[in-house]
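*Asks:* Structure in structure tokens, see below.
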Amino acid sequence: MWYSDYHVWILPVHERVVRLGLTEKMQKNLGAILHVDLPSVGSLCKEGEVLVILESSKSAIEVLSPVSGEVIDINLDLVDNPQKINEAPEGEGWLAVVRLDQDWDPSNLSLMDEE
């Protein structure tokens, strides 16, 4: 698992396919997640642009995508259960799956450690 400067984790699941989610640290900073606005399956995301909007007990934030590609799956469970992000941000609280528009090369990303 890789951690982007956008506080989004990146988990390769297949060749040129990654799962994305909010880091543990960011979900703690946000407090209770109350609402999630997910992208549409089939939509395109671009590195550094808004992927997801989260509303929490403390604020609303735009979560930026650390990669570019096509959204091929979203976590629909979050629509009715946004608290899954708080309960398991690096597990069942994942946000989206993206098919990358280029080969996976983490050295091209701006990365940080888990903290």
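Including glycine, each Cβ sits where the backbone N, Cα and C put it.
Quick caveat, the model's predicted, so the values are computed rather than measured.
Relevant sequence annotations retrieved from Swiss-Prot are reproduced here:
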DOMAIN    17-99  domain 'Lipoyl-binding'
MOD_RES   Lys58  N6-lipoyllysine
*Asks:* Including all protein chains shown, what's the count of other C-beta atoms within 10 A of the C-beta of the residue listed as 'N6-lipoyllysine'?
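*Replies:* There are 11 such Cβ atoms around the residue listed as 'N6-lipoyllysine'.
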*Asks:* What is the number of residues in the domain 'Lipoyl-binding' (17-99) that are helix, strand and coil, as DSSP sees it?
*Replies:* 15 helix, 35 strand, 33 coil
